[in-house]
Amino acid sequence: MRTHIDDSASGKNHHLPMLWFFDSSLRLCAIPLSVATMWITVTNKEDNSSYGMLKYNNLSALKYMVLVSALCACYALLAAACSLVRCFVSKAWIFFVSDQIVAYLAITSVAAVMEMYYLAYNGAKEDSWSEACSSYGSFCSKVKLALILHTITFCCFFVIAVISAFRAFSVFDPPFVNSQEVQGD
């Protein structure tokens, strides 16, 4: 832990209000992005005379994305509210761990939907899966839009996770290297 404050440390504290503002802005931006992702996905359905009705709940990747989007929106709202309360702001490790978890969940749901979209768009002929987007074009377009919004949400949480990691680890000094040990080697 730091035992003294020097000029460089006070320079770091000068940027903390801007960092807090950027962090809060990203959290608040993630909320409408997550809500829009959920809305587009949940209301997405298309009927095809040959294959029948296709809804989001027919595909587990889309259900997972809706679940993670709901978690992202709720967590972003809770974390933004908690960042205004002084007793929670000092708990950098809580934000660090929870931001990491949410970012990892977001990237897993992006990957799952991206794989599902790739298979729906291109098919897998070696496995005898035909592409489905020619039959369900509107459905695929809305999935693509939801995937783009969810990817932007992930990017917000990725930057938030980097900021919270900086906050959690910036209270520690870098490792001390003894100059005698360096000269002796």
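Using the three backbone atoms N, Cα and C, a Cβ is placed for every residue, glycine included.
Lifted from Swiss-Prot, the feature list:
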type     : residues : note
TOPO_DOM : 1-15     : topological domain 'Cytoplasmic'
TRANSMEM : 16-36    : transmembrane segment
TOPO_DOM : 37-64    : topological domain 'Extracellular'
CARBOHYD : Asn48    : N-linked glycosylation site
CARBOHYD : Asn58    : N-linked glycosylation site
TRANSMEM : 65-85    : transmembrane segment
TOPO_DOM : 86-92    : topological domain 'Cytoplasmic'
TRANSMEM : 93-113   : transmembrane segment
TOPO_DOM : 114-145  : topological domain 'Extracellular'
TRANSMEM : 146-166  : transmembrane segment
TOPO_DOM : 167-185  : topological domain 'Cytoplasmic'
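On the backbone, the CA of Asn58 (N-linked glycosylation site) and the CA of Asn48 (N-linked glycosylation site) stand 14 Å apart.
Helix first, then strand, then coil: DSSP counts for the topological domain 'Extracellular' (37-64) stand at 14 helix, 8 strand, 6 coil. Every protein chain considered, the tally of other Cβ atoms within 10 Å of the Cβ of Asn48 (N-linked glycosylation site) stands at 13. Every protein chain shown contributes to the tally, and the Cβ of Asn58 (N-linked glycosylation site) ends up with 12 other Cβ atoms within 10 Å. Remote same-chain partners of the topological domain 'Extracellular' (114-145), defined as residues 6 or more beyond its termini with a Cβ less than 8 Å from a stretch Cβ, comprise 40-41, 44-46, 48, 50-51, 54, 59, 61-62.
Each residue in the topological domain 'Extracellular' (114-145) has a pLDDT score, and their mean in this model is 88. Using a Cβ-Cβ cut-off under 8 Å and counting only residues 6 or more beyond its ends in the same chain, the topological domain 'Extracellular' (37-64) has close neighbours at 70, 73, 108-109, 112-113, 115-116, 132, 135-139, 142-143, 145-146, 149-150, 153. Counting residues of the topological domain 'Extracellular' (114-145) by DSSP class, helix then strand then coil, yields 21 helix, 2 strand, 9 coil.
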